[in-house]
Structure formats: C-alpha cells, structure tokens
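Taken verbatim from TrEMBL:
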{"type": "COMPBIAS", "residues": "423-463", "note": "compositional bias 'Polar residues'"}
{"type": "DOMAIN", "residues": "38-138", "note": "domain 'BTB'"}
{"type": "REGION", "residues": "422-463", "note": "region 'Disordered'"}
{"type": "TRANSMEM", "residues": "169-190", "note": "transmembrane segment"}
{"type": "TRANSMEM", "residues": "220-240", "note": "transmembrane segment"}
{"type": "TRANSMEM", "residues": "323-344", "note": "transmembrane segment"}
{"type": "TRANSMEM", "residues": "384-405", "note": "transmembrane segment"}
Amino acid sequence: MTVAGGNDGTAVHGSTTAIYSQSHGNYAQRAQLGDGNERVVINVAGMKFETCARTLAQFPDTLLGDPARRAQHFDPLRNEYFFDRNRPSFDAILYYYQSGGRLRRPANIPFDLFSEEIRFFELGEETIQRFREDEGYIREEERPLPESELKRQVWLLFEYPESSSAARVVAIVSVVVILVSIIIFCLETLPQFRQDGDDELETNSTMESVPKASFAADPFFLVETVCIVWFSFELLARFLASPSKPAFFRNIMNSIDVVAIMPYFITLGMELAEQQGNGQQTMSLAILRVIRLVRVFRIFKLSRHSKGLQILGQTLKASMRELGLLIFFLFIGVILFSSAAYFAEVDEPTTYFTSIPHAFWWAVVTMTTVGYGDTVPVTVGGKVVGSLCAIAGVLTIALPVPVIVSNFNYFYHRETDVDDSHSNVAQSPKNSAVNYPSNESLKKSAPSTPVHTPGSVSCHSVSKGDNTHTHTYVANSYEHKCQPTDV
C-alpha cells in the first residue's frame, strides 16, 4: 500500500488501496496501449521529473522501464511515481534513459552512493560493470581455489597470510629466511669471511681456483642450504596445491622463486664435479660470477609479503612510457653537452675531456645532479657548458616526475582504500572462487566494490562518513561481512 502525505503533513491511508488499483490500472493501460508519448511524472524526494513513457520503455528490464515493477511506487492520489531516493543521482539515472544508455556519475556524488542508486533502479549488471570501467575499474579476475580440501588448505596456508594464524606464521618464517639468505649473501664477500682461494686467479684471468677445504664445512654454505630447503619446500608445496598449473608458471613471482634457488643447485653441482675431478676448475670466472649475482634476486621474494614493493612495481610498470622518455631526453642531453664540453676544452692540455666519449660520464653525473667531481671542466667555456648541463638536467628529470608520482599515489590509495582482505580468503565451498582486482594500470582512484558471482567469496564494504571503506575480517571467516554467496 502506498502512503501519501496530506496537506497537514499527516499520512493518508484507508481507501488508498482501492483508488490505487483503479487509477493505476487505467494509467498503466494508457501507457501500454498509447503511442508512448504519455508523460510519466516521477517524484524523487520532493523533486518532480517528467519524461515520456517510450523513453523509459527503451530499457524494459529496469525498474522504471518495466510498468509492472514501477507500479509498486505509484501514488494514485497525485498520479505520479514516488521514490524517496537521492535527487542529484536521479538526474544521471534519468539521463541514462534519455541518452539511450549513457551513464555518468555527477561530480558531487560519491561512488558508493551512486552505485547504490544504480542497483536500486535495477539498471543491470552489464550497466554496472560498464560504469565501473568508466570510473577507472576493470573487470575483476576470478582466481579459483583448489577443489581438494587438502590442497585448498595448503594453498591458503602459503598464498594468503591472513587466512589463518598458521598462515601468518608461515609468512613470518618465509620473510625471516629471505632476510637471512640476503644477509649471508652480503657477509660472505667480506675479506675476513672470504675463502682463501676465491681471489686466486689463473694468469689468463678466465678461471677461478677452488679452495681445497671442503665446501660442506663452510658455515655460510650450511646456512644457505637451510634457506634453500625452505625455499624449495615452499615452492613445491604451492605448485602441488595450485588450482591451475599454467597460471602458476605465468605468475612472475613464481618465476622469481625459481630463479632464486637455481644458483644454489648449479653451484652445488659444480662443487661436486670439481671434487670428483680432483679439484680442476670446471667453469669460467665470468659464468661463476653471474651465477652468484643471480642470488641477489632473492630480495624480490619480499614483494610477495610487502604491499609497498608491489605498489612500487605497479608504479614502474604503469610509468614505463614516462621512464622511456626520461632516458631518451637524458641520452640527447649527454650527447649534446659532452660534445660541447669537448670542443670548449679541446685546446686545454690539462683537460679531462680528451674525446667526446670521455665526456659522457661527466655529462651523465652532471645532468642527474650527482656530480662526483672526478672529472670537471677547467676552462671558462667548459664551466659555462657545465652550468647549462646541470640546469638542463634538472629540468629534464623534473618533467616526467609528476606523472610517476601521480601513478604512485593512485596505486597507494587504491591499496589503502580497498580492504586488505581482498588478498586473503577464508575457507570456502568446493569449486569456489575469489574475485580480486587486477593490477593493471587504471585511470583514477576510487574505492572498489567487489562483483558478486555465483559460488564466489564476496566482500561487503561499510561506508564511513568520510566516504572511505572498511571491511571486517577474522581468521577463517568473514564475520557476516564476507561470506560465500549462494550458488
């Protein structure tokens, strides 16, 4: 039953139902049988809007486009449809019908409020998704969980640290092992810890001699072995429990994990081969150094547990064009100013710039404002060129910086606005999946609203007064805020 306000501000009840049935029946019949030019009056929180019935009929699957559905909001006393909704938002809703499907959010309406209005007027999931993409979101990718209960528990344990207390412990252990491995990598290069034979090279400088002591007695090797055992166990467990093996190998973080443990096994094979070959060196110095250098990539394993490193990586990926322009501008500047410095001091016997290539290093450190001072101009003309080089370098570097900072701010605020539980999932039913935002570059920052799909874990945001979002998450469950939706 529709309740309409009287002139004295009281509600009018009673015979409204009978009047509604007869009046709206005639009104709806005219709207359906006429030529579509009948005016439809829509009252939104006291503000009246008028449009044609055929305008609304363009989208019959929506609340306003379906006469039967909008009949629930018909006021027979005033012969109008009444909605106690947000008035500024309805301007955009009505324009959606008038423009044939173009939906634009008013600048003064928050994203979450306008999303609620779209859902209330039942514009459809396709329209909602299109609106989200226009606002800077992309379709959220679905990451399935393993079907087996055991595999699902293992996958959650190693992949989602906030899913349980045990998962947090595993994440902490993993971070500690990574840090220990990096520290060992640095300490073993100190002179007091370096093995005796490491610095002995053959006369051709292509081979490195091997210490006669057993490598198994080296404490650094033992600690390294413990770290590699953990890395290998973690990688193998995640691989066996992964729901999709091709997707597992396409993940860049998993590739980093593989690269991080490869140097150990290569070095171990070399040591064993040398012992069996009576200590004869089996690999050149250059290759051995490259293998040792690859170990430093273990530091990128921390990005799996660090939002900051992930944001930095996303920022660099989104700013590749700007970084490319920066390098290109610096390259042009280095060529110009190194040439100018050379010709400015070509007649000076004590000059550092004996050729243009010799001036490249000076131009690079000057344009980047590093200024080591190992090579400097000595003539007045050279110093003038150096001053111009420094000024040009400051301007060149400053040009793309705002774009890079803007990208960083976007990804930073996106990570802080979106609930941290989007990267963590509790136990869910078989064949369930989790929706996560993609890490692609988006157009601008706005709080995300997860898309609900059958059999998926969906997270419900709670709007605050400052238009920020909070999410409730507890170990192993989403405490009525994040629950598996019905299939």
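Here the Cβ of each residue, glycine as well, is placed from N, Cα and C on the backbone.
Note on the transmembrane segment (384-405): residues 315, 319, 322-323, 325-326, 329-330, 333, 337, 340-341, 344, 362-363, 366-369, 371, 376-377 of its chain, located 6 or more positions outside it, place their CB under 8 angstroms from a CB of the stretch. Long-range contacts of the transmembrane segment (220-240) within the same chain: residues 151, 154-155, 158-159, 173-174, 177-178, 180-181, 184, 187-188, 193, 248, 254, 257-258, 260-261, 264-265, 301, each at least 6 residues beyond the stretch ends and with a Cβ under 8 Å from a Cβ of the stretch. Taking DSSP states H, G and I as helix and E and B as strand, the domain 'BTB' (38-138) has 43 helix, 18 strand, 40 coil.
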